[in-house]
Amino acid sequence: MTDQHAFATEQVQLDPTLSPTTEETTHFGFKTVAKSEKQKMVANVFHSVAGKYDLMNDLLSFGIHRVWKRFTIDCSGVRKGHKVLDLAGGTGDFTAKFSRLVGPSGEVILADINDSMLRVGREKLRNLGVVGNVNYVQANAEALPFPDNTFDCVIISFGLRNVTDKDKALRSMFRVLKPGGRLLVLEFSKPILDPLSKIYNFYSFNILPKIGEVVVNDSESYRYLAESIRMHPAQDVLKQMMIDAGFEQVNYYNLSAGIVALHRGYKF
């Protein structure tokens, strides 16, 4: 945690005072809050941005998120007849793609803890004609409401950093995977090139909130986005967390020089 704080203050020229967390507290961006409050605070962020979430994804990533997602699908091994959990699936980009891959004999469940995001995703997919093999569930990643050994693939995309207890969530994902199934975690991570880190930090803390203010009239939600990325575990730390949760053959791919990383692990 100290290293992350030093990295943020040195590169971004901010001075957040990070208090150590306890069993009752966690981080909401750079703030230390009660665990019982974080879920509500994250919910408010996504209630605010749900309506223009897809537009902001395109604007903030310059459309590159589509390339990251295509690579993730290529690594998924999903095929006809599979059952897929798109966790923290939001507006359903992955659900739409996986629906076609699994076909009528398979199933995709779009799950999100936030009802606003789930509502936007359901409407979007129905307008695209994605029906028949897709179901929707409001669910907390830390306590998934599915039986053991249910899914061939679980994916969580740009959602794990918002989870209060990441270790508990990873164990929950492991439980619902079938033996032989795989977990894919696509998430913002730590750039591996120092010059890129400096540019990325400037963009994240100076430009990104201003775009949020102009497009959705909400700069604070996008300031939280930047802070939550800095507080998310680095690539090797998340890899070890997945191993500790029971996953095997865990590896990761740095995308866009580590701005995003895709972690993959198997349940055997």
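Note: Cβ is positioned from N, Cα and C throughout, glycine not excepted.
Among the features that Swiss-Prot reports, S-adenosyl-L-methionine binding site is placed at THR91, ASP112, ASN140, ALA141, SER157. Counting only same-chain residues six or more apart in sequence, the Cβ atoms lying under 8 angstroms from the Cβ of ASN140 (S-adenosyl-L-methionine binding site) belong to GLN39, ILE113. The DSSP secondary structure for ASN140 (S-adenosyl-L-methionine binding site) is coil.
Per Swiss-Prot, the feature compositional bias 'Polar residues' maps to 10-23.
Look at Swiss-Prot and you will find 1-23 tagged as region 'Disordered'.
For ASP112 (S-adenosyl-L-methionine binding site), the same-chain residues that are 6 or more apart in sequence and have a Cβ closer than 8 Å to its Cβ are LEU87, ALA88, GLY89, GLY90, LEU118, GLY121, GLN138, ALA139.
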